[in-house]
Every structure is written in C-alpha cells, then in structure tokens.
Amino acid sequence: MKVLAAMSGGVDSAVAAARAVDMGHDVVGVHLALSRSASGKRGCCTPRDAQDAAQAAQTIGIPFYVWDFSEEFQEKVIDNFISEYSAGRTPNPCLRCNEHIKFSSLLRRALALGFDAVCTGHYARVFLDEDGTYQLHRASSWAKDQSYVLAVLQQAQLKHCYFPLGATPSKKLVRQEADERGLKVSKKPDSHDVCFIPSSNTGAWLSQRIGRRDGDIIDDLGQRVGSHTGAFAYTVGQRKGLRLSSPAWDGKPRYVLDIEPISNTVVVGPRESLRVDELSGAFTTTGWCFTSRPIECSVQVRAHSDPVSAIAFIRDDVLVVRPDEPVFAVAKGQSAAIYRGTRVLGQLMIDNTKKYASS
C-alpha cells in the first residue's frame with residue numbers, strides 16, 4: 001500500500017510513520033505548513049516542528065516534503081474559530097482541522113497523487129466489517145483515545161485512514177519505541193494548546209482580531225453585575241476571570257450560563273443552571289443510519305470527558321440526544337461524539353440545548 005504519512009513534528013506521527021514502514025508499505029512523509037508565522041513554542045505548525053518532522057523522516061529513511069495548506073487552514077480553521085466565538089459559540093479547532101485539512105484537503109491531494117491512505121499519529125482504530133462498512137472505534141488506550149476529534153469523518157474518508165497507534169496500550173510505550181528507533185522527538189512534550197494561539201490566551205488573541213466590544217454582565221435575574229470588553233472572551237461554564245461587581249444573593253459561585261452576541265451580553269448564574277438534559281443540531285455519520293426511532297448509545301461532549309449513556313434519534317431533520325443523566329456546561333458550537341460501545345456512530349454539532357423542568 002502506498003501511504004502518505006502526515007508528520008506534525010511530534011513523537012506520535014513519527015512512530016506511526018515508522019510502523020507503516022515496518023508493515024511493508026511504501027511510505028512518504030509530509031509536513032503540513034499551516035501558518036507562515038514563526039511564532040509559537042508548542043503546537044504542530046511552527047518552523048521548528050517542520051525541522052523535527054524532517055529529521056524524523058530522515059531517521060526512518062523515507063522521502064519527506066512540506067506542503068503549504070496555510071490558506072485553507074486560515075479559511076477553514078482560523079477564520080471559523082473567530083466567527084464562531086464572535087457568534088457566542090465555542091468551536092473545536094482540532095476537529096475542524098481534521099474535517100477540512102488533514103482528511104479533506106490533504107487526503108484529496110494524496111489520492112490524486114496515487115496514494116492509498118493517509119497515515120497519522122491519532123489514537124483511534126478503523127475496522128472493515130462484513131457489510132463493507134468502515135467502522136471508527138476508540139483506541140485501545142482510552143486515556144489517549146482521540147476518536148472524539150475524528151467523529152466528523154465519513155465513509156469516503158475512513159476508507160483511506162491509517163492509524164498505526166490505535167492498539168498501543170500507552171503513550172509511554174510510544175515514547176520508549178521512539179527512543180529505541182533513535183527518533184530525537186521521543187522526549188518532545190505533547191501539545192495541548194490551540195496551535196495557532198502562541199500565548200495560549202484565547203481572549204487576548206481574539207480581542208486583537210475582533211476588537212474591543214464593551215458590554216454588560218447580567219445575572220439570571222436580569223440584574224447587571226459587571227462589565228466586559230468582549231463577550232467573545234467568555235465561554236459557557238467559565239467561572240474564573242469574571243470580575244463581578246457584586247456577590248451573588250445566595251453566596252454561591254457564579255458561572256457563565258450564556259453569551260448573547262446580538263446584545264453583547266454575558267449571562268451568569270449558579271452551577272445548577274448549567275444543567276443540560278437534551279442536545280440537538282446538525283450531524284454527520286461515520287456510516288451509521290440514524291432514524292426517528294431512538295437508539296441506545298453514549299454521548300461525549302468534550303475531548304477528554306467521560307461518555308454518558310443516552311438515546312439518540314432524528315427529529316425535524318436534526319439529531320436529538322438525551323443523556324440518561326444531565327451534562328453540564330455544554331456550549332453551542334461544541335461537538336458531541338455519539339458511540340455504541342467503542343464504535344463511533346457520528347458527530348453532533350450542538351446548536352441547541354434544553355433543560356427539563358425539575359420534578
């Protein structure tokens with residue numbers, strides 16, 4: 001099989017590429033240049049990352065190239081990130097990058113050049129079932145599982161995905177293997193921040209691009225309790241950094257409950273008001289057919305949160321998910337991954353949330 005190995009400059013993608021070679025595949029390494037800026041200390045898009053990827057490819061013994069996807073990344077990921085926050089929503093840029101860059105723009109170019117698959121260092125697994133359907137599953141190591149950010153992938157993409165690390169028990173073993181292979185990235189730290197925000201200060205980064213927008217912070221009773229310089233700097237569930245002018249009447253901590261972009265208002269209130277009993281919105285499927293008939297499943301609303309048992313069904317052309325127990329601090333714009341066991345059924349883009357009246 002002819003494999004294009006996407007090499008970020010980190011240890012996971014380097015070991016994945018090496019394993020692809022070990023399996024006898026014809027492997028070519030490629031680094032995605034996603035930004036023309038030289039800023040940033042950690043991530044996957046700096047010149048240092050490109051150098052690390054090139055060095056790893058040389059050690060493995062495979063050809064290596066750098067492909068420029070900066071324009072697509074700007075439009076599909078960065079501009080989307082800014083517009084979503086401006087609209088009071090909370091996007092996941094890693095998920096958007098997988099959807100539009102790694103497994104769209106990159107995959108299309110790879111297929112056009114005669115490659116059979118794109119190999120990445122993601123911790124997930126793909127199986128071909130008896131019906132010819134490609135199933136996306138969690139990694140063997142749930143601690144490192146990344147199926148949440150891959151839940152947007154569909155059959156045409158999964159058919160060409162190759163995840164050599166999916167069955168690896170732990171990241172420690174990956175680092176150990178990298179060291180044994182002589183890969184200098186074996187001790188390179190993991191990146192947990194948004195790669196295109198060097199300072200890790202999302203609010204300040206957004207403010208530079210959107211501009212200052214003074215507005216009010218109100219409580220759930222409609223009383224003004226503070227002010228802000230940009231509602232885009234807040235997200236649902238946030239507690240720190242609110243700088244409220246008056247304490248809550250009940251003495252309880254207050255959290256961001258909602259962001260109203262039209263009035264440029266941030267609404268705060270008690271944690272119990274963050275409860276969500278129903279999620280709904282547009283969806284994609286990895287190959288599962290959702291219908292109006294409810295199915296038992298589990299839902300995961302964040303990359304590293306625990307899944308919650310739920311039912312899912314179609315209503316008025318949108319996917320509705322009702323967790324068996326409430327989930328908290330779910331923001332519009334977030335994604336929810338839908339599972340049955342370890343299998344990913346699809347992804348819900350959360351457009352609406354609902355809280356049922358207490359019994």
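Each Cβ is built from the backbone N, Cα and C atoms, and glycine gets one as well.
The secondary structure of ALA6 (ATP binding site), as reduced to three states from DSSP, is extended strand. Residues or ranges marked as ATP binding site by Swiss-Prot: ALA6, MET7, SER8, GLY9, GLY10, VAL11, ASP12, SER13, LEU32, GLY121.
CYS195 (disulfide bond): 21 other CB atoms within 10 A of its CB, across all protein chains. Taken residue by residue with DSSP, CYS195 (disulfide bond) is part of neither helix nor strand, so it is coil. For CYS97-CYS195, the entry in Swiss-Prot reads disulfide bond.
Residues annotated as active site, nucleophile in Swiss-Prot: CYS97. In the shown protein chains, 25 other C-beta atoms lie within 10 A of the C-beta of CYS97 (disulfide bond).
Residue density at HIS122 (site 'Interaction with tRNA'): 26 other Cβ atoms are found within 10 A of its Cβ, drawing on all protein chains shown. Residues or ranges marked as site 'Interaction with tRNA' by Swiss-Prot on the basis of sequence analysis: HIS122 (among others).
Residues or ranges marked as active site, cysteine persulfide intermediate in Swiss-Prot (evidence: sequence analysis): CYS195.
According to Swiss-Prot, the feature site 'Interaction with tRNA' maps to GLN334 (among others), an assignment based on sequence analysis. Within 10 Å of the C-beta atom of GLN334 (site 'Interaction with tRNA') sit 22 other C-beta atoms, taking all shown protein chains into account. In the three-state DSSP reading, GLN334 (site 'Interaction with tRNA') counts as coil.
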Nearest of the recorded positions to ASP12 (ATP binding site) by CA-CA distance, picking from CYS97, HIS122, CYS195, GLN334?
HIS122
For LEU32 (ATP binding site) and CYS97 (disulfide bond), the CA-to-CA distance in whole Å is 11
Could you give the maximum C-alpha to C-alpha distance in Å for the residues ALA6, MET7, SER8, GLY9, GLY10, VAL11, ASP12, SER13, LEU32, GLY121 that bind ATP per the record?
16
Applying a 10 Å Cβ distance cut-off over all chains shown, what neighbour count does ALA6 (ATP binding site) have?
25
